[in-house]
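Comments concern the structure below.
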Amino acid sequence: MTRVSIPQISIFTVSLFFLVFSFFFHFYIDPDKKTSITTEPHPETHVNNHIIRFIQYKKAQDHREYLESNVKLKGWEWVERKNPAMKFATDFALVAIEEFMLELLIGEFGKLELVKDVSLDLSYQRGVLEERNGKVGAFVDGKKRPGKIFTAMSFDEGENYDAVASTRSTTTSWRRNLMMQKAQVTSLFGADALWSKGYTGAKVKMAIFDTGIRARHPHFRNIKERTNWTNEDTLNDNLGHGTFVAGVIAGQDAECLGFAPDTEIYAFRVFTDAQVSYTSWFLDAFNYAIATKIDVLNLSIGGPDYLDLPFVEKVWEITANNIIMVSAIGNDGPLYGTLNNPADQSDIIGVGGIDYSDHIASFSSRGMSTWEIPHGYGRVKPDIVAYGREIMGSKISTGCKSLSGTSVASPVVAGIVCLLVSVIPESKRKDILNPASMKQALVEGAAKLSGPNMYEQGAGRVDLLESYEVLKSYEPRASIFPSVLDYTDCPYSWPFCRQPQYAGAMPVIFNVTILNGMGVIGYLESPPSWHPLNEEGNLLSIHFTYSDIIWPWTGFLALHMQIKEEGAQFSGEIEGNVTVKIYSPPAQGEKVPRRSTCFLRLKLKVVPTPPRSARILWDQFHSIKYPPGYIPRDSLDVRNDILDWHGDHLHTNFHIMFNMLRDAGYYVETLGSPFTCFDAQQYGTLLLVDLEDEYFDEEIKKLRDDVINTGLGLAVFADWYNLDSMVKMKFFDDNTRSWWTPVTGGANVPALNDLLAPFGIAFGDKILNGDFVMNAEQSRYASGTDIVKFPGGGYLHSFPFMDSSESGATQNFLLSGMSKADSPILGLLEVGGGRVAVYGDSNCLDSSHMVTNCYWLLKKILDFTANNIKDPVLFSDSSRQDNTLHLDMKQLPSRRKDVNFSTYSAVVGKELICRSDSRFEVWGTKGYDLHVRGRNRRLPGDAVIDMGRGLNSTPIVQISNSTGDSLGDRYLGLFSRDDLDLPVVVASYWLIPAIAVSGLVLVLIFWKIRQKRRRRRKGTANSARFTNL
């Protein structure tokens, strides 16, 4: 029988083929996966200075010996600081660390018992004092200037300055009154009345942190000391700003008199001629101010970064050492939520600016403070305002000039403070005067202006003579600022006076500051208490949150106010007092603690609970702002303010929209907790505008049920999101020595798409710009996105726009000369018992950089979502969508893979819980009808990545991933992580390499088996041979 030879593929061949195919597929076939390592260009310098803070003060040499004896690794060296502060003990060291050893050395230093923390030596750069009305900030034409994030400082307005401010629902314009241009600012405050009594600022040590001052300047009679803290070898002022500030405080020239001509001037040169400074320079200068027992300190700088902890905490230490600090509130007006640090700190006297007509200057930054949001409510700032327009001061060498800005208003108040300090006998000053008592004298003596609200003017215009009267009879005590909340006092009590309280509403939060003039540290003797004036006052329920320790000199007290259910039909006013008892340890020579009782007077308006359709719930919880992350602006047309740092709150950059909604009869409440923490049956519409955070799974499920089954209306205003454009927006920050890339887009579109998925709606990644006409209204679509998924049966509005995203730019170039493509931007849909409206741009609601408003559109959308009123403009036959607009899930915008989003998020890696800004009955719970334990939210398909290079940075060397799809979807189609509630066990980016390694192991195993079989067959053949013989 003839055996037919059939070709057979061996196991070895199959295994080898599988191995080669796996690698070939992984590295070449997949067009979406780029595994090459991209090294970003960076400056040549690879050594960066870092600040090591210690838990105790010692001589610098002792700190050096401690570090060198405990950290033997190479790659770092001690940096000598040759300045006057080295005569005294210090609490920090400056070391230079090589880039390649950075993470390892920071870890080693951080382990040391006496080391508090390690941080980069940040630099500050202030705005150039340009001629006329030019102001320069941290970003010019979309590019970051060297130095830390800062805002524009004082400037020369020229002779014909027009100030235009959109501070309310209408635009106010005025022309400056030039008749008072040459008026002495000192005479406007009545300084001559105190001079006639012999008070001229004598024996008051005034520190001016600025650009220095020249020796033997003819305008000053008492320059006590000049110190240089920069890396330049000069004590002179070559810019003129420091001299000008000193002239406002203590100048003696008849043309530009200062307030306290006999004040002892200590000029701290902390800025170079290029207007650059470093945190370490400030820390040394602050330490020297403490060691030399400075009385008053003026700091005319500021910026939005209140998370530069070495700087912020040193400012606390400054005031804790009884130094009264005065600082400019910022020149970012008329925008709200633009307070600058350190003036926004409660222990600092933050000064805003007014013109000679007692109008708030257009440039003066507005409150509230944004430290507390999105999960609380900001404090009232500025503390006071002073004249800051066309103020006369000293030139560099001789003569006078005028400047404008809050950095000019700040030395006006600093001069007043020096004059007031000199009123108190020198032997009693330290017993009576401190940062809290001086602020009490200033705010209690201030003149409240008739037009501006509390977040524009604070206590009002500083009044030197009234504050003098307060100090003359001052006894150490505690007080509350503001001491009154009166709903009948409008516009001062805005926004509270714009909307009455009612039963069933989210708590109204009012955050006040406790000023403790009794001591640097204080405590609440017992919880605050509410004392109504009459029986109706019992309808008001107040919960309190407050500082456990009042330090330094100040603390906070937040009132969470809620009308009880039995007041659902009540209409009227509720009056009463909140009482707080404060005590401080005994002062030197005293045996018993100091005690004081503070009062906060309340007068609230209450109305019956409005109907559901009139109530709007604003989502604040899912908003993220700068700092700590690089949250980019919403309109990419704005080139000189690239950060989203104004708070995105109803009462900051959306304050005009809030006023409009109130004028339209709507009641707007704020949600600072997850969606599980509100009762949807109480609201007509949930309003989501410009949101950057993720969503808990429980939130997505609840919102679906609320809309479909409970009839809740949902209105969403999104913003641009494009990964390629986000990458292009990154910049190398010379301070942190790291790349800053946007954490998300103008809005977090992938998260919004998850939220809207149950309704069949999704946004895309186009960045659309252009003008369009709707309802006979000319509108601007400013860096908005498009709608790419929408169900049939809804209404969809499209307009021709150009796509300015990175991916769209190429297509636009190829299609140049052709007509613009229509892009859907507005969709309206009835789903179940509820209604949903989506719009791809929020810039038309945001007063920060608004081109045109779309309040008319918002009102028509709310008519639909809350009342099912279908305006013919929005619900025309031509806009009806008969067919479903569909896009494959894999083509939707994806999340960034190289960002540890949990650093910035209140959702990712966090536990779902209702916070103290939700209804009292769900405080500390998971929310309404939610009895399961909350889960931490993970981004679909994302592994947690620790960047290790600062809060805003991405690593210089990075693995580039061009899409957000999981490898499991692309290669095997086994699962989609977006559909899973549990983490996937296998890391997707290891999947193919793991198969390849497995294949290699199989090859080796089968090769060994094959070798054994061959030896066996060979042995059998030999045996047969011998047998045949």
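Even glycines carry a Cβ here, placed using N, Cα and C.
In TrEMBL, annotation is done automatically, which means it is predicted and not curated.
Per TrEMBL, the features are as follows:
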ACT_SITE  D210  active site, charge relay system
ACT_SITE  H241  active site, charge relay system
ACT_SITE  S407  active site, charge relay system
DOMAIN    48-119  domain 'Membrane-bound transcription factor site-1 protease-like N-terminal'
DOMAIN    201-453  domain 'Peptidase S8/S53'
DOMAIN    481-609  domain 'MBTPS1 third'
DOMAIN    610-880  domain 'MBTPS1 fourth'
TRANSMEM  9-29  transmembrane segment
TRANSMEM  987-1007  transmembrane segment
Original post:
Counting Cβ atoms within 10 Å across all protein chains shown, which of the active-site residues D210, H241, S407 comes out on top?
Top reply: S407
Original post:
Using DSSP, what's the helix, strand and coil tally for the domain 'Membrane-bound transcription factor site-1 protease-like N-terminal' (48-119)?
Top reply: 28 helix, 28 strand, 16 coil
Original post:
Rounded to a whole number, how many Å is the Cα of S407 (active site, charge relay system) away from the Cα of H241 (active site, charge relay system)?
Top reply: 10
Original post:
Could you state the CA-to-CA distance between D210 (active site, charge relay system) and H241 (active site, charge relay system) to the nearest Å?
Top reply: 7
